[in-house]
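Peer 1: Per TrEMBL, the features are:
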ACT_SITE  H328  active site, proton donor/acceptor
COMPBIAS  1-18  compositional bias 'Low complexity'
DOMAIN    324-329  domain 'Serine/threonine specific protein phosphatases'
REGION    1-28  region 'Disordered'
REPEAT    44-77  repeat 'TPR'
REPEAT    112-145  repeat 'TPR'
Amino acid sequence: MSEPSSSVPSSPTISTPATSPPPSPALSNLTLQEHVSEEAKAEAAKVKAEANKAFTSHDFNKAAQLYSKAIELNPHDATLWCNRAYTRVKLEEHGYGLTDASTAIQLDPKYAKAYYRRATCYLQTLQYKKAIADFRKLLTLEPQNQLVRTQLDSTQKILRKAEFEKAIEMEEEASPVDRCYEIIAEGGCEVDRDYQGPALPTTDEGKFSIDLDFINAMIEWFKDGKTLPRRYVWEIVLGAHTYFAQEESLVTLDLEDGMTCDVIGDVHGQFYDLLHLYSLTGIPTDKHCLLMNGDLVDRGSWSIEVIITALAYKWLYPKTMYINRGNHETKEMNRTYGFEGEAKHKHGDQTYKLFSHIFTTMPLATLICATQPPASPIGNAILSPEGKKRYFVVHGGLFSKDGVTLEDIRKIERIGRQPGQEGLMCEVSKHSQ
Ligand SMILES: [Mn+2]
């Protein structure tokens, strides 16, 4: 196994879909497990060697499957759990990685590397305090480990910075939306006279509005690698914000006869992917809904172009363009995965603040309701009161507790709030794998 990288937190570069098997068997069964035969141990060692090979050749899905097989054979071997944890890290399945590393630690509380793996998972899921606790524990096991000492120091710095920024924010009174309107009213965000790009139409009262010609021209402008004036960015964000602010945390999207709906997943700052997807789904119209299911930004370097295009459609077609908030429409992710840097670089600090705020106004889930009752009975689907099939679309997942109702989701107070590390809002928009 190769050694971990020393950057904290490291920027993941792999975006393999999460397909490796879930943790198994559960640890609670382990202690009750029968004695493992010598043959099973030998077979597990053989499978482990194959898994290590797959890992070295970067076939992480195969490695995860092989480690799982080895664990089935010999669940008491902490190194198998620890290696699978590292494989999970490579697959960006940090939730599973945490579980595996914790199992390795339970099996062998002095297993330094398992603490390291778990700390990495905590870092990647931005649980700095827990990462620090594991680094400290590791240093009691390996006091000479300079790499860990350095990582502990830098994690403490990140934590202090995050706490400092939180404190500053609480002191700020005006919401970034109000502040931007103020700056506009004061004439502090005018379009440069030299600007040659597409122009937002204006209303009779002299206010900016939006039309399809502008969006089409803007997309061409973006394809030429050009940026919009900051004022236009603000107008588009604020235009979309008006509608998000009126939506509930769970949007009910009742399709009418003759309407269709497409759902687009994580675009992650890839503008050309977005255009390709739109070419497949079609853009929103009166008869065609589009739902973008979160994670529009971060990772790719065209996050601004992606989010501006989506928000422009939202402003133009508020009743057929929808966006769910993903785990990357959050400050903590944007700090690590690129959007904060890109937004500030292209349009300045105030623009980033505006984006951060409007991300909090995006709904968390959408319930798409079919136009007609199903032609034939469908399994045990829970139909709407009118007997129609519905599709619950959410970026994160379902809940750690049972009995959460649609009404509970609808009532989540989301505006101005980050999803945090637990609770309904966290689980609905964040996924751990
Ligand atoms: Mn995501």
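The backbone N, Cα and C atoms fix where each Cβ goes, glycine too.
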Peer 1: Do you know the DSSP helix, strand and coil residue counts for the domain 'Serine/threonine specific protein phosphatases' (324-329)?
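Peer 2: Taking each residue of the domain 'Serine/threonine specific protein phosphatases' (324-329) in turn, the totals are 0 helix, 1 strand, 5 coil.
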Peer 1: Kindly state the mean pLDDT of the repeat 'TPR' (112-145) in the predicted structure.
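Peer 2: Mean pLDDT across the repeat 'TPR' (112-145) comes out at 94.
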Peer 1: How many of the residues that make up the repeat 'TPR' (44-77) does DSSP mark as helix, as strand and as coil?
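Peer 2: Reading the DSSP string over the repeat 'TPR' (44-77) gives 27 helix, 0 strand, 7 coil.
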Peer 1: Only counting partners 6 or more residues apart, tell me which same-chain residues put their Cβ under 8 Å from the Cβ of H328 (active site, proton donor/acceptor).
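Peer 2: Once residues fewer than 6 apart are set aside, H328 (active site, proton donor/acceptor) is near D266, H268, G294, D295, L296, V297, D298, R299, N334, Y337, F339.
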Peer 1: As a quick check of your reading of DSSP, tell me how many residues in the repeat 'TPR' (112-145) are helical, how many are strand and how many are coil.
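Peer 2: Breakdown, helix to coil: 27 helix, 0 strand, 7 coil.
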